[in-house]
Every structure is written in structure tokens, then in C-alpha cells.
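Colleague: Take a look at the following structure, please.
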Amino acid sequence: MADREHLVYQAKLAEQAERYDEMVESMKSVAGKDTELTVEERNLLSVAYKNVIGARRASWRIISSIEQKEESKGGEGKLKMIREYRQAVENELKSVCSDILDVLDKHLIPAANTGESKVFYYKMKGDYDRYLAEFATGNDRKEAAENSLVAYKAASDIAMIELPPTHPIRLGLALNFSVFYYEILNSPDRACRLAKAAFDDAIAELDTLSEDSYKDSTLIMQLLRDNLTLWTSDTQTAFVLQGHKCTYSECLCDVA
């Protein structure tokens with residue numbers, strides 16, 4: 001079995017075993033070969049990092065919620081321990097985000113030859129800078145937000161030219177970019193405009209949707225509509241947590 005084939009199979013085994021840290025390492029080795037990834041390889045890399053970062057984002061939200069409750073009680077004794085624990089999770093988040101951003105900048109984006117893969121990777125770059133901005137403060141937050149905006153705009157510029165409005169990667173980009181505007185830049189108007197334009201453009205060309213991407217595209221369109229309903233509702237607050245999980249939706253970038 002060739003080295004690349006071996007690494008891909010190793011990643012698939014790790015995915016089945018839910019050993020996502022090992023899955024990341026296998027796919028990083030594939031990405032390090034500086035050649036265009038296949039759609040399958042690209043999605044394996046995305047799934048690996050999505051699971052590694054997703055678990056830590058969930059942990060951070062739970063710990064932050066506990067911290068807020070303890071602050072309202074004035075329990076200084078426990079707060080020190082909670083804050084140290086939150087900081088440890090934030091350090092892990094920074095490490096994961098820095099890792100994939102480095103892989104994207106050094107290997108994946110330079111090796112990307114198709115419009116689809118370029119959009120996919122710039123979207124990924126925007127996503128992981130956004131994840132940094134979720135918990136960062138001060139200048140660190142500002143820098144992460146600026147980097148995320150630049151990456152999302154780069155992805156959007158390419159997507160508008162290279163991908164049809166119904167393409168799941170273009171739709172997923174619009175979904176996540178709108179979440180960025182809503183959550184990170186606190187701009188619900190821009191978030192709604194972007195999400196509505198993407199939804200309307202896709203609806204107008206729904207009859208051209210291929211059977212292969214129908215399920216992915218219509219699912220993301222539903223998420224766009226769900227977010228629009230939430231964001232334009234007079235009864236919902238700008239940022240709501242239910243059971244420590246955000247009520248808005250995002251595309252976790254493992255669509256092809």
C-alpha cells in the first residue's frame with residue numbers, strides 16, 4: 001500500500017474508532033505532501049479537525065456558562081478554579097486553530113488548483129479564525145476577526161465566479177459568513193442580508209441542482225432559513241444559549 005493510501009486508510013480507521021486526534025495527524029501528513037487533495041481527502045481532513053475543535057468549543061461554552069453562574073453568586077473560591085480550567089481549554093483551542101491555519105497557509109491553499117477547493121480552504125480559514133475570535137479578547141479578538149473576514153471575503157469572491165448558487169460549498173460559506181457577521185461583528189443586518197441573498201439565489205436555480213448535491217444543498221438552505229427566522233424574530237435575543245448550545249446554525253464544512 002502506497003504511503004498516501006496508507007495514511008488515508010489510517011485516517012478512516014481513526015474516524016471509525018472516533019480517535020480524531022490521530023485522524024488529524026494522518027491527514028496532516030497527507031496535506032504536507034503539497035499536492036491537491038482529492039474530495040475524499042479534503043473531507044477527511046475537515047471532519048478530523050471539526051471533531052477535535054468541536055469537542056473543545058462545547059467544553060468552553062459549558063465552562064463559561066458555569067463561570068457566569070458562579071459570578072452571579074459571588075463565589076470567589078470556586079471562580080479561580082473555574083477560570084484556570086477555562087484558560088486550559090482556551091489554550092487547547094488556540095493550539096488546534098493555529099495548527100490547521102498553519103496547514104492551510106503553508107500547504108492546502110498554495111496547492112489548491114480548482115475554484116471549489118480554493119473556496120473550501122478559504123472558508124475553512126475563515127471558520128478557524130472565527131473560532132479564535134469566539135473566546136479571544138482585546139487585540140487578539142480584533143486580529144482573529146479581521147483575519148476571518150479577509151478569508152471569508154476571499155472565499156466569497158471566488159465562489160461568486162466559480163460555483164453556482166446551489167453548490168453546497170458556496171451555500172455553506174454563506175451560512176458561516178453570516179454567522180460571523182451576526183456573532184463576531186454583532187451586525188444582524190449584514191448577517192440577514194447575506195443569508196437571504198444566498199437563500200434567494202439558490203431558490204431561483206433550484207431546478208438546476210444535481211442529484212449528487214441535492215441533500216447537502218437543501219439541508220444548508222434550511223439552516224439559512226432557520227437562522228433568518230431566528231435573527232429576524234422580535235421575541236429572540238441577539239445571542240441565546242439553550243443547554244449551552246448556540247441556537248444559530250453553521251455548516252461544519254464537511255460537504256463536497
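Just so it is clear, glycine is given a Cβ too, placed from its N, Cα and C backbone atoms.
All TrEMBL annotations are machine predictions without curation.
Taken from TrEMBL, the feature domain '14-3-3' covers 4-245. Taken from TrEMBL, the feature site 'Interaction with phosphoserine on interacting protein' covers R57, R130.
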Colleague: If you count the C-beta atoms lying within 10 Å of each candidate's C-beta, which of the recorded sites R57, R130 ends up with the smallest number?
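Modeller: Ranked by other Cβ atoms within 10 Å, the recorded sites R57, R130 bottom out at R57.
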Colleague: List the Cα distance (Å, whole number) between R57 (site 'Interaction with phosphoserine on interacting protein') and R130 (site 'Interaction with phosphoserine on interacting protein').
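Modeller: The Cα atom of R57 (site 'Interaction with phosphoserine on interacting protein') is 12 Å away from the Cα atom of R130 (site 'Interaction with phosphoserine on interacting protein').
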